[in-house]
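J.: According to TrEMBL, the protein has these features:
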| type | residues | note |
| --- | --- | --- |
| SIGNAL | 1-30 | signal peptide |
| TRANSMEM | 63-87 | transmembrane segment |
| TRANSMEM | 99-129 | transmembrane segment |
| TRANSMEM | 141-169 | transmembrane segment |
| TRANSMEM | 189-211 | transmembrane segment |
| TRANSMEM | 218-236 | transmembrane segment |
| TRANSMEM | 260-281 | transmembrane segment |
| TRANSMEM | 293-312 | transmembrane segment |
| TRANSMEM | 350-370 | transmembrane segment |
| TRANSMEM | 401-421 | transmembrane segment |
| TRANSMEM | 427-450 | transmembrane segment |
| TRANSMEM | 462-485 | transmembrane segment |
| TRANSMEM | 497-516 | transmembrane segment |
Amino acid sequence: MVTDNQIGLKWTGSVLPASLLLLSIPLAECDMEPPQHAVAKADEALLAELGYKQEFKRAFTPLEVFGIAFSIIGLLPSIASVLFYAVPNGGPASMVWGWAVASLFILCVGMSMAELGSAAPTSGGLYFWTHSLSSPRCRNLLAWIVGYSNTIGTIASVASIDWGCAVQIMAAVSIGSSQTFTATSAQTFGVYVAIVLSHAVICCLGTAVLARLQTVYVVLNVCLCFAVIIGLPAATPKANMNSASYALGNFTNLNGWPDGYAFILSFLAPAWTIGSFDSSVHISEESSNAATAVPWAIVSAIGIAGILGWAINVSLAFCMGTDVVSLLDSPVGQPMAQIFFNSFGQNGTLALWSFVVLAQYMMGSSMVLASSRQTFAFSRDGALPFSSYLYRMNSFTKTPVNTVWFVAVISIILGMLSFAGSQAIDAIFALSVTALYIAYAIPVIARFVFKNNFKPGPFNLGIFSLPVAVVSVSYMFIMDIVFLFPTTPQTDVANMNYTVVVLGGILTLSIMWYYCPVYGGVHWFTGPVSNIGKGSEESVSSIRESEEKNAHVNVREIPVGA
């Protein structure tokens with residue numbers, strides 16, 4: 001049997017369906033089967049203990065689970081997308097040391113998340129953990145808030161990644177036209193829509209195809225990193241090479257905030273780059289040996305990204321020259337693209353930049369995949385509008401095609417903010433960090449604040465769990481406040497930070513719906529809903545009705561403590 005020591009979090013409903021008992025696996029039976037079959041059945045049994053049946057094909061190997069987290073991080077294309085946050089808020093010093101400091105904090109966040117992911121590897125992840133670990137008095141509301149923060153955060157990540165890809169494509173056109181072409185918002189948005197729709201098509205493919213793509217993404221990203229770390233210094237003219245004292249110590253503050261605060265503002269670059277690592281959690285129901293593969297994918301992706309990203313920033317700091325303003329005001333529209341142009345020339349930059357765009361494009365497809373799985377899990381538990389439509393598995397591809405297109409449509413709507421100005425679209429980048437940090441922090445807090453029966457999985461920090469959690473939650477709390485501030489102290493309507501409007505509006509609407517009279521979630525949302533024994537085509541409402549009937553049947557029940 002799968003013992004309690006092998007299970008992290010327990011199902012928090014009143015009873016578990018009796019059919020769950022049929023999924024218990026005698027160890028002797030596993031010993032007689034090939035190892036991969038034993039692992040698959042153990043994964044399925046662990047998922048059943050959490051209240052869900054196996055609906056996805058477990059086609060992701062541990063390397064590919066790491067691959068989806070690492071490919072979404074993206075490193076070089078991600079740094080290119082958000083370098084404009086670091087350059088005016090400290091210049092080379094913030095690029096190098098801001099990255100180093102922020103990476104350590106982000107690693108703490110990842111380790112706290114990894115412990116929870118090891119204990120309960122399910123696609124719902126964060127809101128499932130929140131409901132399982134919180135007090136019965138507030139668990140439904142907290143799970144609701146985390147679920148919506150996580151859902152909108154992952155969709156905002158899709159929007160920001162694909163918008164970054166569209167901007168990079170337009171930068172390539174500008175470089176190819178000898179910087180005579182400048183893209184309009186409408187042109188960039190058109191490219192953005194095409195990218196999002198193409199990602200939706202890719203993510204409708206079967207799980208096995210999506211899993212194999214992750215290895216390709218990892219190889220390309222690592223090769224790009226070393227191409228810049230080694231190739232950029234070799235190709236940069238001496239006139240553009242900076243001294244060690246400038247590259248590692250010059251602090252250029254262009255936005256007007258106090259230097260210390262400007263340094264913290266530069267953290268948005270590494271925070272956005274080394275982000276969305278909960279993607280590994282959202283594909284845990286498609287992963288082999290998920291209780292081990294998921295946490296190590298999170299920690300290793302963050303660790304490797306922190307080291308390689310720091311090396312990339314050091315290389316850029318030495319090769320960017322001293323005219324920081326010209327990098328920001330370049331007609332290319334991308335500081336990194338301008339640095340490459342100054343070092344490699346037009347043809348060399350176009351060649352390298354094409355691979356940067358390709359890597360960014362791959363990031364977007366991986367993010368759509370992860371976001372669709374979070375949306376599928378949340379609709380499986382009935383919390384999203386149109387859940388009965390979204391919670392459907394395509395009979396041919398065995399993937400949640402409806403949620404893929406839902407994510408694509410909402411991403412396109414978010415992209416329309418670009419017509420409100422650059423600050424509005426910048427809010428999407430910040431939203432993808434702030435919303436996710438809310439979703440990350442609440443289950444970590446719930447684990448230690450509320451009385452619960454948390455049992456660690458294979459990945460466990462032991463006595464360091466609480467100190468790491470304190471550091472990670474403190475960091476996320478501070479960052480969520482910092483990223484709501486405008487770019488400069490002197491701001492107006494056009495230059496304000498609209499993150500607070502978008503995030504606050506979405507969370508306010510979700511809470512209003514929760515407390516809506518008669519129809520609100522407070523009247524029917526009870527957290528994770530077991531689907532053991534149910535067909536994937538059934539709506540969430542029919543699942544609830546069936547479970548209510550089964551509650552009166554005289555069967556063996558498994559009580560779960562509060």
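In case you wondered, yes, glycine gets a Cβ from its N, Cα and C as well.
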J.: Below 8 Å between Cβ atoms, which of the listed ranges 63-87, 260-281, 350-370, 401-421, 427-450 makes the most pairs with the transmembrane segment (462-485)?
T.: 427-450
J.: Are the transmembrane segment (141-169) and the transmembrane segment (218-236) close, by which I mean at least 3 Cβ pairs under 8 Å that are 6+ residues apart in sequence?
T.: no
J.: Residues of the same chain, at least six outside the transmembrane segment (260-281), with any C-beta under 8 angstroms of its C-beta?
T.: 65-66, 68-69, 72-75, 78-79, 81-83, 85-86, 89-90, 93-95, 97-99, 101-103, 106, 110, 113, 117, 121-123, 125-126, 150, 153-154, 157, 160, 251, 253, 287, 293-294, 297-298, 301-302, 305-306, 309, 366-367, 369-370, 374, 429-430, 432-433, 436, 439-440, 478-479, 482-483, 485
J.: Report yes or no: does the transmembrane segment (189-211) come within contact of the transmembrane segment (293-312), defined as 3 or more CB pairs under 8 Å with a sequence separation of 6 or more?
T.: no
J.: What stretch, picked from 293-312, 350-370, 401-421, 497-516, has the most CB pairs under 8 A with the transmembrane segment (218-236)?
T.: 350-370
J.: Short question: which residues 6 or more past the ends of the transmembrane segment (350-370) have a Cβ under 8 Å from it?
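T.: The answer is 68, 71-74, 76-78, 80-81, 154, 157-158, 161-162, 164-165, 168-169, 171-172, 175-176, 195-196, 199-200, 202-203, 210, 213-214, 216-217, 220-221, 223-224, 227-228, 231, 276, 278-279, 282-283, 337, 340, 344, 404, 407-408, 411.
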J.: Please identify the stretch among 63-87, 293-312, 401-421, 427-450, 497-516 with the greatest number of Cβ pairs below 8 Å relative to the transmembrane segment (99-129).
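T.: Between the stretches 63-87, 293-312, 401-421, 427-450, 497-516, 293-312 has the largest tally.
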J.: Determine which recorded stretch among 293-312, 401-421, 427-450, 497-516 has the most C-beta pairs below 8 angstroms with the transmembrane segment (63-87).
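T.: The stretch with the most close Cβ contacts to the transmembrane segment (63-87) is 293-312.
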J.: Within the same chain, where does the transmembrane segment (293-312) have neighbours whose Cβ lies under 8 angstroms from its own Cβ atoms, ignoring anything closer than 6 residues to its ends? I mean 6 or more beyond.
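T.: Those are 60-62, 65-66, 68-70, 73, 75-76, 79, 96, 99-100, 103-104, 106-107, 110-111, 113-115, 117-118, 121, 222, 225, 228-229, 270, 273-274, 277-278, 280-281, 284, 287, 457-459, in sequence order.
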